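Chemist: Structure incoming, see below.
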Amino acid sequence: MRAEKLKAQRRPLDIRIMKIVTWNINGIRTFKGGIKRALDLLDADIICVQETKVTRDLLDERTAIVDGYNSYFSYSRGRSGYSGVATYCRDSATPLAAEEGLTGLLTNHEDAVGCYGDQTGFSSEELQLLDNEGRAVITKHRIMCQDKEEKTLTVINVYCPRADPEKPERKQFKLQFYKLLQCRAEAVLKDGSHVIILGDVNTSHRQIDHCDPCETNDFDENPGRKWLNDFLHNGSPEDPNDKESKESSELKNPTNPGRFVDTFRLFHPNRANAFTCWSTLTGARQTNYGTRIDYIFADCKLAEEQFEATDIMPEVEGSDHCPVWGKLSCSMLASSKPPSLCTRYLPEFVGKQQKLSRFLIKMDQKSSQPEQKSVLPGSQDDDERRENVNPSGTNKVSDKKRSLAADSVVPKGKKTKTVNSSLKPQGNLLSFFKPKVTNVNDQEKETKVTSPQRDQKAETSRDSSSAAAAETEHASDASLDTDKRKKTACQPTAAPSKGASSGFWKSILHGPPTAPSCKVHGEPCVLRTVKKEGPNMGKQFFVCARPQGHASNPEARCNFFEWVKKEK
């Protein structure tokens, strides 16, 4: 209450509240209802999203250019459908500078943010790799605070790497990224600009930020947490507006290296179960069994003087993360035009309606062909069509007359489907697994097609007993009426009864094993497969079907586990 009163007292009536949002969207297709609709619902001046999973070649105009916003993207250079961040700014919050990456190596325009700090601790190869995965976008804005003094605010949108336990080199990569991020942020802060760092940091800071810290060995010894301890201001969180407590804390720790504040903990120092990321594989969001790894960090002065509130939005679904928002008591001052990094300046989106020359000059035949439509990773194009599976080289001689006749009837440019009438009707799939049995109707058909001379030679060469048997069969078939014989000749091998077919398939293909019931809830378990590399990779097992949760939660998954026994 005291914090709210102080904030309200110092905020002038004519100062507009600025809002900023960060959200790991786990793929740009999270915005199923349209990107503009999603941005409008988030209702913020600056919206930073991570893990867009879109590369430059797959960025479409609908995603890049949104009415009322200007956007800035960073893409992965090495892998498609991986990483990527984007910052959307309202037109009323247009930045004066923008830059992709943390190193400055990706910047080739004048209106960049600058201030790169001391990078002597990194090799040139390291710097290139750290910016190669599309993990940072920086925008610089003009703001007006309560003192009516115009200042600058630099927003660093980051998607920090994850330390894969199976890949030790990624652990070092993550720590190097943290080091570079701190180097860049402190350099910008030293230059006189306020700084906000927000995004998916991929490390839960304290035990209160983790659903079950006891399960993590040496929780406080994690290198990522040690970095956060040094990066963040470690003042007393009991009362963020109590200057005496802050000063006493600084006296107790004279070094006090942290120059930034976790704004969520500034306003909610003791709130538990405030998570921003949950495992979708185990359904952990249903039991709120997650971690808080998405943050809004701000420099100490900005956090103390301008921040009004920060909170999470666990009710917003669509990703395995939820958005985090922050509000500041300052107004955004829009730049006259977006900086060069803005996606609306990309060649593929500029002046499409002004390229009249395309219709006046002679086009190359190859370039006049319709371009193949690109889609985002993991999506399915509705206009996708399969090519005709009929080989063009089959039955060239026999089909020549028919194709000429078809060409004389069908207008040019129309595609026709060629049907090979010489192919026999497709029989039941069971016939491919059973011994081949001569069909009486097929024999009759063959007899009808052959000439009398050939029939006579064939009958002369046959054994007397087989000839007699064949003549008997043909005689019995000849008694059938014409319609019945035509109907019978066109039918494939008769399919077995439903019961026989079911039994046959079960003898060949073993279906999924019967799921046991877990011991605690008595409910059928779910079947899982080991995907982690190792001796058990590919093996199947059963676990409780309920969502993952804390051991003390009776509604959560129990510890039932059972390997699937191999069929003999």
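Every residue, even glycine, has its Cβ placed from backbone N, Cα and C.
Because the structure is a prediction, the values reported are computed rather than measured.
Just lifted these from TrEMBL, have a look:
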{"type": "BINDING", "residues": "Asn24, Glu51, Asp200, Asn202, Asp320, His321", "note": "Mg(2+) binding site"}
{"type": "SITE", "residues": "Asn202", "note": "site 'Transition state stabilizer'"}
{"type": "COMPBIAS", "residues": "240-250", "note": "compositional bias 'Basic and acidic residues'"}
{"type": "ACT_SITE", "residues": "His321", "note": "active site, proton acceptor"}
{"type": "COMPBIAS", "residues": "418-429", "note": "compositional bias 'Polar residues'"}
{"type": "COMPBIAS", "residues": "442-462", "note": "compositional bias 'Basic and acidic residues'"}
{"type": "COMPBIAS", "residues": "471-484", "note": "compositional bias 'Basic and acidic residues'"}
{"type": "DOMAIN", "residues": "518-567", "note": "domain 'GRF-type'"}
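Neighbours and distances for these, please.
Modeler: Non-local neighbourhood of His321 (Mg(2+) binding site): Trp23, Asn24, Ile25, Asn26, Asp200, Thr276, Cys277, Asp294, each in the same chain, at least six residues away, with C-beta under 8 Å from its C-beta.
Sequence-distant neighbours of Asn202 (Mg(2+) binding site) (same chain, 6+ residues apart, CB-CB distance under 8 A): Cys160, Pro161, Arg162, Ala163, Lys174, Gly224, Ile293.
Mean pLDDT for the domain 'GRF-type' (518-567) in the predicted structure: 83.
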Chemist: Can you tell me how many other Cβ atoms are located within 10 Å of the Cβ belonging to Asn24 (Mg(2+) binding site)?
Modeler: 26
Chemist: By Cβ count within 10 Å, point out the most packed of the binding-site residues listed: Glu51, Asp200, Asp320.
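Modeler: The largest 10 Å Cβ neighbour count belongs to Asp200.
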Chemist: Beyond Asn24, Glu51, Asp200, Asn202, Asp320, His321, what residues of that chain have CB atoms within 8 A of the centre of the Mg(2+) site's CB atoms?
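Modeler: Output for this site, in sequence order: Asn26, Gln50, Tyr159, Cys277, Ile293, Asp294, Ser319.
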